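Have a look at the structure below, then the notes.
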Amino acid sequence: MEARLLSNVCGFFLVFLLQAESTRVELVPEKIAGFWKEVAVASDQKLVLKAQRRVEGLFLTFSGGNVTVKAVYNSSGSCVTESSLGSERDTVGEFAFPGNREIHVLDTDYERYTILKLTLLWQGRNFHVLKYFTRSLENEDEPGFWLFREMTADQGLYMLARHGRCAELLKEGLV
């Protein structure tokens, strides 16, 4: 019985690894550049899900091996932007940022959705967050959302339900 249990655990682990590998994309920076609205966040860490500042939207710009991420937040009714410069890592689709932060593009169709994995080293621990973004301000239920749900089935899921006025202003280039 113990051997069968060990075999099943190893089998599940192998399937998980294969599934994780299959989500790697050959990133084309020019195609993923531009506006993205945050729709959903998943993490097994409640601290991450209860963050005071929630990103409403991102604007990605690429130059050489670098990426500039301009994020917009709603802070007490005012839109606040924050920019961060990251550099490409050895693995395609992975970028390192100051402050022990990393972004990994897990999946994208470039036109409608992207799924990012954010990693933050804080107080000696790695925190992982999966985020689902769309290009559209209105339509959040894209085909990639179901993939996101599958990827995050064992984690906490937080759906963003607000209008996203700051994301709208970012898309229009007004912030």
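Glycine is treated like the rest: Cβ placed from N, Cα and C.
According to Swiss-Prot, the protein carries these features:
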SIGNAL    1-22  signal peptide
CARBOHYD  ASN66  N-linked glycosylation site
CARBOHYD  ASN74  N-linked glycosylation site
DISULFID  CYS79-CYS166  disulfide bond
*asked:* For each of CYS79, CYS166, count the other CB atoms within 10 A of its CB; which of these disulfide-bonded residues has the top count?
replied: CYS166
*Among the glycosylation sites ASN66, ASN74, whose Cβ has the fewest other Cβ atoms within 10 Å?*
ASN66
*Can you tell me how far the Cα of CYS79 (disulfide bond) sits from the Cα of ASN66 (N-linked glycosylation site), in Å?*
25
